Amino acid sequence: MGKGGQLSNDVVRKILLSYTYVAIWIFLSFTVIVYNKYILDKKMYNWPYPISLTMIHMAFCSSLAYILVNVLKVVEPVTMSWDLYLKSVVPIGLLYSVSLWLSNSAYIFLSVSFIQMLKALMPVAVYSIGVMFKKESFKSETMANMLSISVGVAIAAYGEARFDTWGVILQLGAVCFEATRLVMIQILLTSKGITLNPITSLYYVSPCCLVFLFFPWVFVEYPILKETSSFHLDFVIFGTNSAVAFALNLAVFLLVGKTSALTMNVAGVVKDWLLIAFSWSVIKDTVTPINLAGYGVAFLGVAYYNHAKLQALKAKDAQKTAQQDEEEGKLLEQKEGGNNDRNNDRRKNDSQG
């Protein structure tokens with residue numbers, strides 16, 4: 001604070017930068033979701049091949065990440081043995097590939113607004129799987145919060161005008177695989193002291209995804225693409241779509257690195273409301289009052305979850321600061337005690353002399 005309670009220029013600059021990172025992430029995330037919906041929806045661009053689209057993204061990200069790491073040397077690759085790669089990165093790549101495949105497939109059957117409502121279940125899935133793998137401690141209060149989110153999403157699903165069972169199964173499957181991937185990152189990488197930024201993450205994980213997606217693609221989509229003219233790709237559409245998807249990964253790095261993962265969660269809630277409004281006003285998806293009421297309940301649950309996380313982080317930081325102060329106090333006491341001992345010794349020597 002400056003004089004008169006005014007914020008200093010440095011603080012204002014940091015606040016503006018944080019909002020800028022949030023705005024960039026929301027814009028890119030918004031663009032990727034709407035762009036994927038446009039490509040995959042049969043009433044729009046009409047290219048309903050989610051595995052192929054995901055493979056294009058992974059091939060683009062792999063190539064660009066390789067150039068950034070090995071040619072331009074923007075970031076240093078993480079030192080990793082083949083054994084660690086196979087046991088840690090490959091399982092994460094498998095989960096990520098299935099998550100992307102299912103989530104992209106859901107755009108064919110469900111509206112953008114309803115998909116965002118279903119994504120509100122992500123904290124529920126992450127917490128439940130975290131408890132299952134003993135990365136989270138079971139708390140009845142947190143579980144009650146998870147239940148409220150689930151009830152809200154169930155109400156939203158009940159009020160969905162274009163409810164499609166297969167689409168819901170696909171999106172719920174995507175949520176489960178993505179939640180498992182996030183927990184596995186903690187278990188297989190973070191716990192071993194390995195941290196991957198988005199560029200190195202894509203450098204190691206994207207090729208895995210490409211390989212894992214190739215096998216279902218050969219049997220599911222390749223025979224159809226081979227028989228139709230859809231096999232010809234529009235390089236402008238798919239190139240810009242892939243570039244935006246890659247930029248989103250960099251935006252995640254900026255947002256989390258310069259602010260926090262919690263900020264991204266809060267920004268995600270804002271993004272979801274914007275997408276729902278866009279889906280209703282521009283794409284003309286039907287959004288019913290029951291939809292909004294249900295998502296409102298889920299939204300409150302997610303907001304409370306984020307609030308609880310923030311309080312836990314503050315308490316943890318306060319405890320860490322208190323421990324550091326205590327350690328510094330002990331060191332100071334030891335130093336002062338040592339000085340006193342030396343002074344006493346010096347006085348004794350002087351008196352003896």
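A Cβ is built for glycine as well, from the same backbone N, Cα and C atoms used for every other residue.
Keep in mind that TrEMBL annotations are predicted by a computer and have not been checked by a curator.
What TrEMBL lists as compositional bias 'Basic and acidic residues' is 329-353. Residues annotated as domain 'Sugar phosphate transporter' in TrEMBL: 20-306. Per TrEMBL, the feature region 'Disordered' maps to 319-353. Summarising the annotation, TrEMBL assigns transmembrane segment to 16-35, 47-72, 84-102, 108-130, 165-189, 201-219, 231-255, 262-283, 289-306.
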Reported mean pLDDT - the domain 'Sugar phosphate transporter' (20-306): 89
Contact between the transmembrane segment (231-255) and the transmembrane segment (16-35) (at least 3 Cβ pairs under 8 Å, separation 6+): yes
The transmembrane segment (84-102) vs the transmembrane segment (262-283): 3 or more CB pairs under 8 Å: no
Region pair the transmembrane segment (262-283) / the transmembrane segment (16-35), three or more CB pairs under 8 Å: yes
Proximity of the transmembrane segment (47-72) to the transmembrane segment (201-219), 3+ C-beta pairs under 8 angstroms: yes
